[in-house]
Amino acid sequence: NYLLGVGRADCTGPVAEIPLMGYANPDQVGGGLLTRLYSRAFIVADLVDSRRVVFVSADIGMVSQRVRLEVLKKLKSKYGNLYRQDNVILSGTHTHSGPGGYFQYTLFWITSKGLIRPSLNAIVNGIVKSIDIAHQNMKRGRLFINRGTVENSQINRSPFSYLENPASERSRYSSNTDKEMVILKMVDRNGEELGLISWFAVHPVSMNNTNHLVNSDNMGYASYLFEQEKNKGMLPGEGSFVAAFASSNLGDVSPNTKGPFCVNTGESCNNPQSTCPVGGATMCMAMGPGSDMFDSTRIIGQNIYLKAKELYEKASQEVKGPLSSAHQWVNMSDVSVELNATHTVKTCKPALGYSFAAGTIDGVGAFNFTQGSVEGDPFWDGIRDQLLGEPSNETKACHKPKPILFSTGEMTRPHPWHPDIVDVQIAAIGSLAIVAVPGEFTTMSGRRLREAVKREFDSHGAARMDVVIAGLCNVYTHYITTYEEYQAQRYEAASTIYGPHTLSAYIQLYRGLAKAIATDTVQDLPHGPEPPLFNVGNLTLVPALTADRTPANKTFGDVLQEVRQQYQAREVAEVTFVGANPRSSAENATEHNFLMVERYTRTSDSWHVVRNDASWDTRFYWTKGLFGRSNVTIEWHIPPGTEPGIYRIRYLGHYKKKLSITHSVSIPFEGTSSAFEITIL
């Protein structure tokens, strides 16, 4: 038996004008909200001693070092030594539709327009709040584990790289992706359901890089369905049951199951370069199973949810045993790896290869670079040398056969471009070992890592451990391919920043952690070099918040385009208001709700909220006009089975008003549509 606590808190941040983090497309800037982003925290504590393990899965692209260091600082000031770098795992779901700007390393500033404090603060505060809620609601309970296969939800997006792995290794697996889902079920001692964590490897990129609505993608939709099911009668974001769908070794795994096609001609571009006869690589895009990206998100999310629900209901294998956690900081640009008794190799200073700029079939790059580039290009090399400096011969040699586009490890202005100091971490809850990895391991890299960790546990008497990989934890270091996949230099390999022996180095390090846990010698592990915390101001290219204004003879919240009087299920109720910049709201309240759909109740002559801005079937669009004016359009995609009756849509915002040159205030306002009727078909 353990003490268990679960918590969920909003971490959405500003939903307008902030670049979305994931596709590295500077044009993909937030312009509204489809679903809210949440941090979900789970605490397991030993009844006997003070040992604890915290696992957090947040609906963000990845956990950055900046986020982690700030979270740990806040936890220390609140809880002293209870929650520390070794027993707190922070994992990102890897949605590509959340606000960016929460990084301290310079490379990430380029596409997210610098360090954006409101965005960083929303994530840090949301994570800490979710841990606070879990901490305050600890109760005695039990854990159960289960595993099963998820079908029709993923493809390998670099199958030609996967084929570089030895045939003898590939023959041990039935698929070029990991189809297994592992779930952890939490109940209190009265059998009351507390929560679920699922680990499954797929990219949350069902929403593509044309999307401007902040949302949590397919994994977030699975969480949404599970929580709506368990917190009956509650609005999204409310209720005590918490369901996290966490990332795993998703490096080369796409949810766009129809595969890659040329957008212009419709023919397949499933070739080693992912390139089209007309238009080259920029035309090659993978398609999901749905009629559009919203539909694909729904289909993939629902598949994942249904499997998790089935595994949750049938989970009977109880997790028991002591808790322990091991953590080290490692300088990943300088690790010596013993491949065998005679052969030692080294990792490299970080660098990105040419194919990094190509992007993937889930989101292509801007300049028609192709994947699988093993040679540089004099034109781009020349520009790079002028702007950023030429890579040293040592770095070039270390990374071979990768042609270096950005030698980030040798770029230090205004701050280093990439991390050297990286977290490696394992937390063990009885027979479950959670391997927290700082990036995106490919399918085969993840299999090798899990196997090595399991073997290490076995050889030190900790047999039958369930080893899961939690992805995108603690600090972001891009991708980790196998040595063989690295030779093909597709996107994932070009983004394996510490060179061809990155995976071997991690396997060596995680084996060391597993051994320390199995032999109870964690206290003897060296802490390693502490990561830097750069003194970064609010350095950003995001436009400053100006005063909001209205058209002549209008006030904020006035209706510009009214709803119709009648709708049926499957239709879209739509209303446009005189709006204000949503950032004015985000900077005011951590959990500002922008909209409500309300249903009229005759008996009590009152309106009841049936949807909010976190609901999957509502969409909040913000359109910026000239001179501080803007419009807000709210859509409600009325689902089948909606109760007939009288409804209305409300918009809640804040407008920024200048009082003087230095002072401005945010003033709340609201707008309401006319009432409309939903009739039965």
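Just so you know, glycine gets a Cβ as well, placed from its N, Cα and C.
Here the Cβ of S254 (active site, nucleophile) has 23 other Cβ atoms within 10 Å, regardless of which shown protein chain they belong to. Residues annotated as active site, nucleophile in TrEMBL: S254.
Taken from TrEMBL, the feature Zn(2+) binding site applies to H94, H203, E440, Y479. In the structure as shown, the Cβ atom of H203 (Zn(2+) binding site) sits within 10 Å of 26 other Cβ atoms.
Under the heading domain 'Neutral/alkaline non-lysosomal ceramidase N-terminal', TrEMBL lists 2-508.
What TrEMBL records for 511-678 is domain 'Neutral/alkaline non-lysosomal ceramidase C-terminal'.
The Cβ centroid of H94, H203, E440, Y479 marks the Zn(2+) site; residues of that chain outside this set whose Cβ lies within 8 Å of it are S247, L250, G251, V253, G439, G471, L472, given in sequence order.
Listed in sequence order, G251, G439, E440, F441, T442, Y491, E492, A493, S495, T496, I497 are the same-chain residues at least 6 apart in sequence whose CB falls under 8 Å from the CB of Y479 (Zn(2+) binding site). Residue density at H94 (Zn(2+) binding site): 25 other Cβ atoms are found within 10 A of its Cβ, drawing on all protein chains shown. Within 10 Å of the Cβ of E440 (Zn(2+) binding site) there are 29 other Cβ atoms, across all protein chains. Over the domain 'Neutral/alkaline non-lysosomal ceramidase C-terminal' (511-678) the predicted model carries a mean pLDDT of 94.
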